Amino acid sequence: MRRAGLGDGAPPGSYGNYGYANTGYNACEEENDRLTESLRSKVTAIKSLSIEIGHEVKNQNKLLAEMDSQFDSTTGFLGKTMGRLKILSRGSQTKLLCYMMLFSLFVFFVIYWIIKLR
């Protein structure tokens, strides 16, 4: 099966446009060029958006890694503190623990009172 306008069946004087009328062929080419340019601009926009998303993901991953290390160090610090408090509560130093709690309550009360007066 042969397509019209290809090979030997092309009408005389229509070389290069495959048998289409010049106006119809040019209109199709212009529409194709316009659609191609539109598609190119959309692909460029999507590409730049995906690159920006990639940069944002890298930054967020870096922040998450920093937060993870900070949480790990805080967890270790709190674990050591709780261990010391357990040792303190087990020993015969219950008076010292009671004094420390009373002093802490006093300090918080003073801070609360100072903030409230402002």
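Backbone N, Cα and C atoms are what each Cβ position is placed from, and that goes for glycine too.
Annotation source Swiss-Prot lists domain 't-SNARE coiled-coil homology' at 26-88.
Taken from Swiss-Prot, the feature phosphoserine covers SER50. SER50 (phosphoserine) is surrounded by 10 other CB atoms, counting those within 10 A of its CB over all protein chains shown.
According to Swiss-Prot, the topological domain 'Cytoplasmic' annotation covers 1-94, on the basis of sequence analysis.
Non-local neighbours of the transmembrane segment (95-115) in the same chain are 88-89; each lies 6+ residues outside the stretch with a CB under 8 Å from one of its CB atoms. The transmembrane segment feature in Swiss-Prot is assigned to 95-115.
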Residues in the domain 't-SNARE coiled-coil homology' (26-88) grouped by DSSP into helix, strand and remaining coil: 63 helix, 0 strand, 0 coil
